[in-house]
Amino acid sequence: MSAEKTENLSWIDKRFPLSETWRNHLSEYYAPKNLNFWSFFGSLAILTLVIQIVTGVWLAMSYKPDAGLAFASVEYIMRDVDWGWLIRYMHSTGASMFFIVIYLHMFRGLLWGSYRKPRELLWMIGVVIYLVMMATAFFGYLLPWGQMSYWGAQVIVNLFAAVPVVGEDLSVWVRGDFVISDATLNRFFAFHFLLPFLLAGLVFLHIVALHHVGSNNPDGIEIKEGPKGNRWSDKAPADGIPFHPYYTVKDLMGVVVFLAIFGYVMFFNPTMGGLFLEAPNFQPANPMQTPAHIAPVWYFTPFYAMLRAVPPMYGSQFPGVVVMFAAILILFVLPWLDRSPVKSMRYKGPIFKWATGIFVVSFVALAWLGIQPASDFYTLLSQIFTVLYFAYFLLMPIYSSLDKTKPVPERVTS
């Protein structure tokens, strides 16, 4: 580095910890040397968040949050705004890809035991991020003012009316009116624009917490507690390598593959057969005509299936609402439900592995059932898979403590 650059960097470092931040979070942040395919999804989640924020701001420049103009403004963006169709499809495709990446990232956490000590708070921040993501997606779902988005929002907002005593007042407060209207659209647009920046702040906290406790790995072994000394530093973990350049370059390979898939979907199949963009949403909202079948967007369908699986009690859908929210909130207590002496799925016994497999099948099945029209048979299946979903968590203290585990090596494996 030239003397001039060194002098400029020194001037900055005296006023802002630029070099220290670079060292602490990149060049001298030591990550386990055995990170595999599953480690890609953290960086891909950041990438998709950036895509959503940038494209969302661009769309907001031409979108009209007005019940009489919203649908037309989306069509205007698609037809008359330069590259508007591309930005709109980037945003709609990015929303689904964001959830795909996050679901895989959370599954990685289950496989590696990334919710266990000392990462309980890291996991809980991640669950808060997931909740804010769902809220952001829900508020944004109404904005195109299409037929399915209108009636989907109507169904979800009506769930607040199921809350005893205050339900009716609560649903009116959420809508800002007695029905989904211009007032609802305005407040949903405001929240949809604001929440991604809150999400970015939570992601920052998530990364700070991660770098404080250190990255987990497929073996679930804490490299900070192992032997010290490697080719870069005598004080660094022996099984760690600098995040930069090793994992930044590796993540770039993942980004290239991801963007290739992203681009294929965006250019050749942006609706994904109605999963990413539903056909009724290409029709303007009609409050006087209810669609034959109302279903939320695919990343909400597991919880929607749980809602429909619970029969009403005294004419109220409140028990289903409780089950739906409990299915998400139970993730907060996961770190204290797992009593296994080992973290990683590699060394857990067959009972835990079978339980996790059944849990994954149940979640995917519920996602599919949530899209299907209601029927007695589908309701029965939803009830079975809902029970299996909750059994995974509620029975975990028992089967995780009884299961036979494999011996864990002292150092990470290659």
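For all residues, glycine too, the Cβ spot is worked out from N, Cα and C.
Keep in mind it's a predicted model, so treat the numbers as computed, not measured.
If you look at the transmembrane segment (40-60), the same-chain residues 6 or more away from its ends with a CB under 8 A from one of its CBs are 77, 87-88, 90-91, 94-95, 97-98, 101-102, 104-105, 108, 192-193, 196-197, 199-200, 203, 250-251, 254-255, 258. Under the heading transmembrane segment, Swiss-Prot lists 40-60 (among others), citing sequence analysis as support.
Look at Swiss-Prot and you will find 84-104 (among others) tagged as transmembrane segment, backed by sequence analysis. If one looks beyond the transmembrane segment (84-104) by at least 6 residues along the same chain, the residues whose Cβ comes under 8 Å of a Cβ in the stretch are 38, 41, 44-45, 48-49, 51-52, 55-56, 58-59, 62, 74, 76-78, 129-130, 133, 137, 140, 258, 262, 265-267, 270, 272, 275-277, 297-299.
In the three-state DSSP assignment, the secondary structure recorded for His192 (heme b b562 binding site) is helix. In this view, His192 (heme b b562 binding site) is surrounded by 21 other Cβ atoms within 10 Å of its Cβ, with every protein chain counted. The feature heme b b562 binding site is assigned by Swiss-Prot to His91, His192, with sequence analysis given as support.
Taking a C-beta cut-off of under 8 angstroms and a sequence separation of 6 or more, His105 (heme b b566 binding site) has the following same-chain neighbours: Phe41, Gly42, Ala45. Feature annotation from Swiss-Prot assigns heme b b566 binding site to His105, His206; the stated evidence is sequence analysis.
For 121-141 (among others), the entry in Swiss-Prot reads transmembrane segment, with the evidence type sequence analysis.
Swiss-Prot lists 154-174 (among others) with the feature transmembrane segment.
The transmembrane segment annotation in Swiss-Prot covers 188-208 (among others).
Positions annotated as transmembrane segment by Swiss-Prot: 252-272 (among others). Remote same-chain partners of the transmembrane segment (252-272), defined as residues 6 or more beyond its termini with a Cβ less than 8 Å from a stretch Cβ, comprise 40, 43-44, 47, 86, 89-90, 92-94, 96-97, 101, 278-279.
Under the heading transmembrane segment, Swiss-Prot lists 294-314 (among others), citing sequence analysis as support.
The transmembrane segment annotation in Swiss-Prot covers 317-337 (among others).
Residues 107, 110-111, 295-296, 298, 300-306, 308, 340, 345, 378, 381-382, 385-386, 388-389, 392, 395-396, 399-400, 402-403 of the same chain sit 6 or more residues outside the transmembrane segment (351-371) yet have a Cβ under 8 Å from a Cβ within it. The transmembrane segment annotation in Swiss-Prot covers 351-371 (among others), and the record cites sequence analysis as its basis.
Residues or ranges marked as transmembrane segment by Swiss-Prot: 378-398 (among others).
Tertiary proximity for the transmembrane segment (317-337) is limited to same-chain residues at least six positions away from its ends with a CB under 8 Å from its CB atoms, namely 115-117, 119-120, 123-124, 127, 130-131, 134, 159, 162-164, 167, 302-304, 306-311, 386, 389-390, 393-394, 396-397, 400. Annotation: stretch 188-208 has the most Cβ pairs under 8 Å to the transmembrane segment (121-141), among 154-174, 188-208, 294-314, 378-398. Residues 138, 180, 184, 294, 296, 307, 316-318, 320-321, 324 of the same chain lie 6+ residues outside the transmembrane segment (154-174) yet bring a C-beta within less than 8 angstroms of a C-beta in it. Between the CA atoms of His206 (heme b b566 binding site) and His192 (heme b b562 binding site) there is a gap of 21 Å, rounded to the nearest whole number.
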